[in-house]
Amino acid sequence: MGPYEDYFSLKQRVHTTQLQQNNIRDRAEPNKEAKKGKGKIIRILQEDDDLPYEEEIIRNPYSVKCWIRYIEHKQNAQKSVLNMIYERALKELPGRYVHFKRTAIVNYIHTMQNVHIFSCKIQLQLWHELCDLISQNPDKVTSLKVGAIIRGGLTRFTDQLGKLWCSLADYYIRSGHFEKARDVYEEAILTVVTVRDFTQVFDSYAQFEESMIAAKMETTSELGQDEDGDIDLELRLARFELLITRRPLLLNSVLLRQNPHNVHEWHKRVKLYEGQPRQIINTYTEAVQTIDPLKATGKPHSLWVSFARFYEDNEQLDDARTIFEKATKVNYKQVDDLAAVWCEYGEMELRHENYDQALRILRKATAIPARKAEYFDSSEPVQNRVYKSLKVWSMLADLEESLGTFQSTKAVYDRIIDLRIATPQIIINYAMFLEEHNYFEDSFKAYERGIALFRWPNVHDIWNTYLTKFIDRYGGKKLERARDLFEQALDRCPAKYAKTIYLLYAKLEEEYGLARHAMAVYERATAAVEPEEQHQMFNIYIKRAAEIYGVTHTRAIYQKAIEVLPDEHARDMCLRFADMESKLGEIDRARAIYSYCSQICDPRVTAHFWQTWKEFEVRHGNEDTIREMLRIKRSVQATYNTQVNFMSSQMLKATGTVSDLAPGQSGVDDMKLLEQKAQQLAAEAEQDKPKPKDKILFVRSDTSRSELAELAKQANPDEIDIDDEDEDAEDGEPDEVQLEQKSVPTAVFGGLKDD
């Protein structure tokens, strides 16, 4: 009889004893005679809590519900008891046999499934009980093979290894076999694969060693010290210290057993062996032999590189080269891993000033393989695809520039471009290399080759560098060619990058071309740049036009800017325009500009504009002009008020109540919220409103006041006809306005003075 049979026999005896102690007995009770049934005696295994169900089915033997309630009550009973109840029900219910049989079969299937599961959460519990029983009573258990039983449990219950190992060790400890207990602990910490099991075993192991030390110290204190006792105590202390020291390494072993392809854990293991060269070498060797690059977590090439660096640090270059050569033959998952190995190989040779060797290595890495493959073709090994790695080619280009010849370097760059793996920075580096060796035309050809490879926006840096270098080289000697280059650059140029090129183009025309060409470039730029850059571009255009042609030439530019720019920037342009005209003495022109700009200036929002106009009229106008300004201000105010009121009414029609605009707000704040919402909607409507198409009407400075009023009416045919009373009448009379008087220099009138 095997250990399992002995165990189950023992457990059955224990179970039988418990049944006897709980007074669970067989009872034979007769079924009372039903209305239409014969009385008979059925012998069943019955418990106290079964009596209500038995009485119910005796009173109602033909009720299916009664039998089902009884069966549900006995779901957790033994299978034989449950089957017996089913048989009794089928005998009592012959007319409903089919229906009940179907229900019984379904219930039976579910019952068997639950029984199986319950039998497994039960077997585990019994194993734990058995382990505790035999480990805590080793002197009373003599007929069982404890080691075989517990090790059998280790193979069956793999999620409870920690506790089972501790039970086995505890059995040997209580039996007095301490060395066997240590062997069990050592075997356990070297085989468990989860941190939880490791922690259980290690803590139990450490507690055991600590208790052994405490027992030895207690014995020594009772019997006195002797030389052998001291040696034994020192040995136990050293063993305990070694165990504590080994914990990080043992835990690392557990994690590697979980995933032997974890690169990070292998690096940690190497650090744990710091100061032990032989162990480090063994660890690196085991790591590179164990890890599958296709399953690796992390960068597997880093282990090869670190392995070679270890030999390099110990001045064993030949061994380091051997490691690198082996590393280049590994079938990595990514081409970049192999490229990194080649680059590290070359860097090692450079650190030791083996320049020719470094060049040879990189040239070997970029050599065309016998079987070429595309860079992203994962079906091919990385060794057939590394020749297209830009990382390796970039390092080779740097080495050729520093160590090689002009021809060899040029051949490398040409090869990179031919393979179509170049970047804009590679193109720029190539062109600058040719320029350093005075191959200017070849340098420009390199730029053109790069332009043919890339599209916007990647080509921006190439164009910017190319145009700058070309202008620095030739200036105005090849003006037509330079213009062609700029036109090519601006063709399909996104607005985001247009500003820089337009400014460079205009600078070329200013310095070496014609002024009118430069102005044409500036004008094109104002429409080609992004909307948020238009205002700045107009400012540059106006400044350059004023410097080249004079301020009077900027009038058309100001007018276009006011028409094109949004209201925010258009107001700024109008103020600058009017200020310029006033400085030129063109007071009526400036006044007309203020009048035009007033149509886009809400007095409640743009108080600065109206204050500036008022100051202008105080300096250069009279009572009539101030009244005209105030009349325009009231007209504009009424226009904006009308828009706000209209939007408010529309909003009320759409929403119905003010509270819908701001949930949770009510009472005296409703009107305030309504006004705020109306102003917001009015501002949005104003943005969508088309700008006035009327041109700014300029008049001569000698125009009469009546003609000016007539022009103002023509400029604003929709203005509201109101009284000419000052809106500030409540605050003060217009007669109180102080007009500044200035003498006009004689030179202003010139020859007109006599007339």
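Yeah, the Cβs are placed from backbone N, Cα and C, and that goes for glycine too.
Feature region 'Disordered', per TrEMBL, maps to range 709-755 of the set 662-708, 709-755. Residues in the repeat 'TPR' (339-372) partition by DSSP class (helix H, G, I; strand E, B; coil) as 24 helix, 0 strand, 10 coil.
Mean model confidence of the domain 'Pre-mRNA-splicing factor SYF1 central HAT repeats' (104-291) amounts to 78 (pLDDT, 0 to 100 scale).
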